[in-house]
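Visitor: Please see the structure below; I have some questions.
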Amino acid sequence: MAEHGEEEAATLEFTPTWIVALVCSIIVLISLLAERCLHYLGKTFKRKNQKPLYEAILKVKEELMLLGFISLLLTVCQGKIQNICIRPSWTLHMLPCQGEDEVRAGEAAPTKEHLVTAQIIGRIGRRLLSGGAAEVDVCRSKGKAPLMSLEAIHQLHIFIFVLAITHVVFSVLTMLLGGAKIHQWKLWEDAIQKDTAGNGPKKVNNVHNFEFIREHFKGIGKDSRILSWLHSFFKQFYGSVSKTDYTTMRLGFIMTHCRGNLKFDFHKYMLRVLESDFKKVVGISWYLWVFVVIFLLLNVNGWHTYFWIAFIPLILLLAVGTKLEHVIAQLAQDVAEKHSAVEGDLIVKPSDDHFWFGRPRIILFLIHFILFQNAFEIAFFFWILTTYGFNSCIMGQVGFIVPRLVIGLIIQLLCSYSTLPLYAIVTQMGSFYKKEIFNE
């Protein structure tokens, strides 16, 4: 009778109304506060005529709406998912932790991981007794196992939510830190705007006398090209954009796209483009969800997928940073190879040919994937930590955990202070200008 009473008390019809009202009030209040904060933040951006950031807020709302739909779908369909029965042998393959047979084989000398696994199984059993026993009995009566337990659905539900929130937070953090770095270039823009040099006779200079050429041009030939790539790789770690780089690329952009306005505020234009790109970065595109599904599929015990996959964003980030630096080197090389001397200031020629497949936009897609992948790593770590504990078999050994966290920190800092500022200015060196050039 006591057991029957516990089961009845767990349902809503046997829960005191004041508890139901209190819980609903808290949930609704928190949801309204979050929605109002986003609403007023969007109104602030709109009032300050920052349309790209306002659109980014709308993008965040879209992602939250998608999360809400995923949450609703999981909640409504959890009973149907549990009613799907499969052969018990199918549940023994591609497990994130050791299967029950392996656990039994090691019962003589149980490890911490085995104990944690047993605790997880115990929690699942208790959860099933309280909410999903009927569905399990349906499958057991057929000699089969449910496709997914109620506990597993609940934990997957939480993981998707944590992942999306972490991605948005990390994207905002990256844009804030990178934006702070880019705002430092405002001093260079102001100095150029105040420069009132006359229109007198222009002096003819050897191209090798320009600091931009000396810094980036490494000569002609195979060895020089290798040296140029190596220089580009290491330069992303220190002084990725110098004042000479900014001044030269700014003049090259103006002379190519708005020759009649030498006082064009290149810094303001660059920030508007970056704000516009932010609404792309903060979203979670379909191909990112495909990546999540592939990772969940390959997260098999003994494969250490969680460890090896941490190197993907790091390698991509280093490749993107090197490519962006090499675009600057190519601008210098084009001038040095075609001219021995120039009259007046050094003018580079922007071109899409300097970018992968002639498409500067590819860089943004890669940065988007890098930020999402890094957020995924951190979100997965904290989700495992809070759900199963530090000693969980899914978490892995300490030797695999620490490098992942260090790599995640390196990616966040390098992307914020080097790669993102590089992207903001170097991608303006394409053949075409962005529509933000017309925005007030």
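Keep in mind that glycine also has a Cβ here, set from the backbone N, Cα and C atoms.
Not my notes, these are from TrEMBL:
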- 18-42: transmembrane segment (TRANSMEM)
- 156-177: transmembrane segment (TRANSMEM)
- 281-300: transmembrane segment (TRANSMEM)
- 306-324: transmembrane segment (TRANSMEM)
- 362-385: transmembrane segment (TRANSMEM)
- 405-426: transmembrane segment (TRANSMEM)
Visitor: With CB pairs under 8 Å as the measure, which of the listed stretches 18-42, 156-177, 281-300, 306-324, 362-385 comes out on top against the transmembrane segment (405-426)?
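Guide: Going through each listed stretch, the top one turns out to be 306-324.
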Visitor: Counting Cβ pairs under 8 Å to the transmembrane segment (281-300), which of 156-177, 306-324, 362-385 comes out on top?
Guide: 362-385
Visitor: With Cβ-Cβ distances below 8 Å as the criterion, list the same-chain residues six or more beyond the ends of the transmembrane segment (362-385) that contact it, or say none.
Guide: 158-159, 162-163, 165-167, 169-171, 174, 277, 280-281, 284-285, 287-288, 291-292, 295, 306, 309-310, 312-313, 316-317, 319-320, 323-324, 355-356, 392, 394-395, 401, 404-405, 407-408, 411-412, 415, 419-420, 423, 427
Visitor: Which bits of the chain, at least 6 residues beyond where the transmembrane segment (306-324) starts or stops, bring a Cβ under 8 A of a Cβ in it?
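Guide: The answer is 229, 232-233, 236, 240, 295, 299, 355-356, 363, 366-367, 369-370, 373-374, 377, 380, 394, 396, 400, 403-404, 407-408, 410-411, 414-415, 418-419, 422-423, 426-427.
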